[in-house]
Structure formats: C-alpha cells, structure tokens
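Q: Before anything else, here's the structure in question.
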Amino acid sequence: MSKKIVAVTACPTGIAHTYMAAENLSIAAKELGIDIKVETQGSVGIENKLSEEDIKQADAVIIAAATKVDRSRFQGKPVLEVPVEQAIKDAKSLIEKALKMEKPAGYVEKIEEIHKDRAASRTGAYKHLMTGVSYMIPFVVAGGILIAISFAFGINAFQNQGTLPAALMQIGGGSAFALMIPILSGFIAYSIADKPGLVPGMVGGMLAVSTGAGFLGGIISGFLAGYTVDFLKKSIKLPRTLEGIMPVLVLPVLSCLIVGLLMIYVIGTPIKSIMTVLTNWLAGMSKANAVLLGLILGLMMAFDMGGPVNKAAYTFATGLLASEIYAPMAAVMAAGMTPPLGLALATLIARDRFTEDEIEAGKAAWVLGISFITEGAIPFAAADPLRVIPSIMAGSAVTGALSMLFGATLRVPHGGIFVLPIPNAVGNLPMYVVSIIGGTVVTALMVTALKKKVAK
Amino acid sequence: MRIRDILNKDCIDLNLKSTDKESVIKELISLLVNRGLIADKEEFFHAVWEREKTYTTGIGMGIAIPHGKSKSVKRAAVAFGKSERGIDFDSLDGKPAHLFFLIAVPEESHDLHLELISTLSRKLMHEEVRRALNEADTQEKVLEALSVDVRVN
C-alpha cells in the first residue's frame, strides 16, 4: 500500500501561493508514488477539505502555511509545518522529510513507554524487589476481592462451614492471600537467580509467614534465597557427568536448607518483633500519627509518580495487607489516583494554562487517574516540573492524610475506582471518596494558581 | 468560464521594458488600467507593494506573481508579461524572473474569478505549462498554454 500524506496550504491573501503550493505538493507526490490530499485554505474558502478518515489514514501531515493553521485535528500524527513558499520551492523533499518523521507518541502510549522504560531501567535490588511485587499483586487483588465478597454476606458469615461465604474465604483468604508472601519472596529470588531461585525463595516465604516475620521477612528471604543460589551455583563444581543433578537435586536441597535454617534460627524472630511493633503501632496509632503517616505516604506516592519512592510506599502498604492492616493501602491508592485526576480537572477549569496537547491529554488522564495509574501525571510534570510536582504532592498528601483521618481501609492493592463498588473492599467508602475528591481539587487549584498562562 | 475571462489578450505583453521589480509591477498595472479594470492605479500599486513586502511573490522557476486585493480593482483580472533578459524579483531561488502574472482582486470579489485565479496558479506549477509560456511568441499562444488542462487531482 502506498504511503499517504495529507496537507494543508494557506497564505495571507489566499490568492496564489495557497494553490501553487497545493499543486506542487500534488505533482511531487505523484512523482514519488505517494497518495496525497491537499486542503487549500484560500480566498475561495476551504476547498478539498480533509475528512477525519483522510487524516486517520495519513502517514504524515504537511502544513505549508504563512498563517496559523489549527493543528489540533492532527493529534497523534507526525506534522511537518513549513512556510508556504517551501512547498512551492521544493515539495519533493518536504514529502520525503514528512514521511521520515517519527510519529509523536500519544499520551497513553507515552505512559506505556514510561512504564516499560522504567521497568527496563531498574537494576539491582530494586529491580528484584519490583519483580517480586509485580508477581504478588494479582494474588492480592484476587484474594482481597474474594474476601470482600465473602464479607458481603455478613462479616462473620464465613464461619459457617460449607456455605458460599466460607468457600470464598477459603479461596481468597486461605489460599490466594496465603500465597502472597511466598510468591513475593519466590519471585525476588527468581529475579536474582532465575529458576533455581524460585524454590528456596518460596520456601523461605512460607517460613516468613509461619514465623510471623510477615512481608518484611518475605522480602529478606527472597533476597537471601536468590543470593544463596547464586553463590552455590558459582562455588559448587561437579564433574561433567553429574552436572545434570545440580538443578534438580543439589541446588534445591542445599538452598532450601540454608535459607530455611537461617529464617528459623536467625532472621525469623527479630523480624517478627519488628513486624509486631510495626503492626501494633499501626493498629493502635493515634489520629495525629495516622494523619502524619497518610501525609507522608501521599507525598511519596506523588513525588516520582510510579518511581522508586512511589513504589516504596506502595510495597509497604501492600505488604501490610498480609498483616491485616488495611488503612495505609487505602491512603496509598487514593494518593496515587489524585495526581492524574487533579491535573485532568485543572485542564478543565484552567484551559489557558495548558497547551492543546495537554488539554487533550487531560481527557485520558481522567481514565488513568481512576485506574490508579499515577504515571498519568508524568507528561504534565515533565513539561513543567517545578509547578506540577509540588501541586500533585500537595494534593496526594491531603488525600493520604484525609483517608487515614477518616479511617478508610482497602483490602485490594489495585484497581482504582473499579474496586470501590465491591462491597467491603473499602471501609468507610463515602469518606474515602471525599478524600480522593479533596486531593484532586487541591492539586487542580494549586496547578491553576502556579502555572503560567500558555501563549496560544 | 475560461482563462480568457480574466486574462484579456490586450493585457499580455510579450516584451516588457522594465528592468527592476517596482517598475515591472507598474508596467503590468498599466496594462489593466488601459482596459479600465483599475480605478486608482496608485492605490492598487500600494496594495501590491505592501503584499510584496510580507514576502516576495518571486516564486522561483523564473516566475513572479505579484498580486493585490484592493477596492480600486473593478473586477478580478490578470495581466501577463514576459521579459527576455529577466528581472530581479527577490525570487525564492535567487534567479531572475521571466514570466510575470499580475493578479488583481477586488475587495469583494466573485468566487468564480477567484477560482480561475487559483486554477491559473496551480497551472504554473507544471513544467509543461511553464515551457509553453516561455516558448509562446504570440498572445494567442500564451492563452493556449494556459488553457491546457493539467490538474493532477
């Protein structure tokens, strides 16, 4: 299929250049074997108007104009904008240049790319931890939602053996949730030492649960298992003929033994006391401390929008779900939703502070915000970091603090607004929604106050 | 409507005398003035000259298309002139212009005339049209060259 270009030509009087440029582009395109449609905005008015379909099919857009031509309808297309004379002088190289242009990444694609780039650029311990967390999340989501549904039958309904609520609790709580820390630990080790790391990692994770070392213990056992396997692989040298037994016999047995013993005799007990202190503190926290914690988690969530600081807060809150502490999770998810939501709201109330592209992106930011994809704020922050980042941090801090103040809880570590209708997934739902709206409004107002008007 | 409706035979001068940009525009304007198509030639010159100052209409390829929109223009019209030795017209390609189209458009003009002018402008982009114009040695041949249908789409 031949390439297709759409073009717009225009000039101040609209008498001659507009048409000469259009004709020249058509001639050049014909010579190059390229499909072209040229809209002329001249004295006769707009002729050969580009339809939405034309623009959709086009590989590139050329605007040859001495006047301002509205670019908004070419969103997401490579646009080459040149003075009208250029198309009269050398239309051929214009077309070639336009076709070589990179397609500007759309807003959602940009976010996806940032996601991927960030995952790819993670190194060392952070990368391993995030691998573990990413494998763990779906277990927690599935478990959390099923437990919540069980509660929908009555908070103690699961105690009646043989009933559906009991079954749901057995699936969600007894199985999916029970696997959470072993999976976290196992895939941290897997990230470090590949397949052989999985066995001691998961076993170590089970031990973290049974010794009461919780998610902190699970993180430690994961790293321990990974590095132990790495060490064993390097230090044990078997004769060639026996190499086959390394992955099936030697590595699993030795690594489980080492990791297991360390977990039981060395690591388990101190980590358990730390976890006990932590969970007791979190459970019995004063309102003032709760608000402070929410504030800090909120600041962390917005600070780097999905980066390491954000993930630290997120991992902390998710890990606590295993210890049946649900309030920080609520604060963290809410605070992670408000940055894109606040910016989306700002694009509505203060259009003059945003570029056309940003106003367009604002629409998608709503969706990313309600889906708890904090990264949705990045394109805005990248364009104007010193005004945007403080604004989203302020909004998220307010949301985090409010969520903690109202004692909102969340049993599911992801899903954004879509988990809110699930009965019992969220505790104190009305005030939770108020918290999210509060931070959204704070961010929007602050961005509006800080950002300068965009010259258009 | 055809090209003859905006380009009268009497407004074609195959041997322009002028040697500079300003005088060639005036020379072409006088062709239209003689046909009674322009009420105030000073006023119209001013419009063309102002237009020229925004950026040159010497579009290269030996062609210049000075044009102006003014209330002193009675109806849309074109004057054509040729200069064998060429005149410096601040062209985009830096080369002298040989073929001149002066386009006059009234403040409120008839769409059909404007369409003819846009068609004429388009035609100049075709090499065969330019060649025919360069070779034309009679007024009739100029009109013939401009009557060929060459539109690409």
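Each residue, glycine too, has its Cβ placed from N, Cα and C.
Automatic, uncurated: that is what TrEMBL annotation is.
The domain 'PTS EIIB type-2' annotation in TrEMBL covers A:3-100. Under the heading domain 'PTS EIIC type-2', TrEMBL lists A:125-456. The transmembrane segment annotation in TrEMBL covers A:135-155, A:167-190, A:202-225, A:245-267, A:288-305, A:325-350, A:388-409, A:429-450.
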Q: Taking a Cβ cut-off under 8 Å, which residues six or more beyond the ends of the transmembrane segment (A:429-450) line up next to it in the same chain?
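A: 298, 330, 334-335, 337-339, 341-343, 345-346, 349-350, 353, 369, 387-388, 390-392, 394-400, 402-403, 406, 408, 410, 420.
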Q: Helix, strand, coil residue numbers for the domain 'PTS EIIB type-2' (A:3-100) per DSSP?
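A: The composition, in the requested order, is 41 helix, 28 strand, 29 coil.
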Q: What parts of the chain pack near the transmembrane segment (A:135-155), using Cβ distances under 8 Å and only residues at least 6 beyond its ends?
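A: Tertiary neighbours of the transmembrane segment (A:135-155) are 163-166, 168-169, 171-173, 175-177, 179-181, 183-184, 186-187, 318, 321, 411-415, 419, 422-425.
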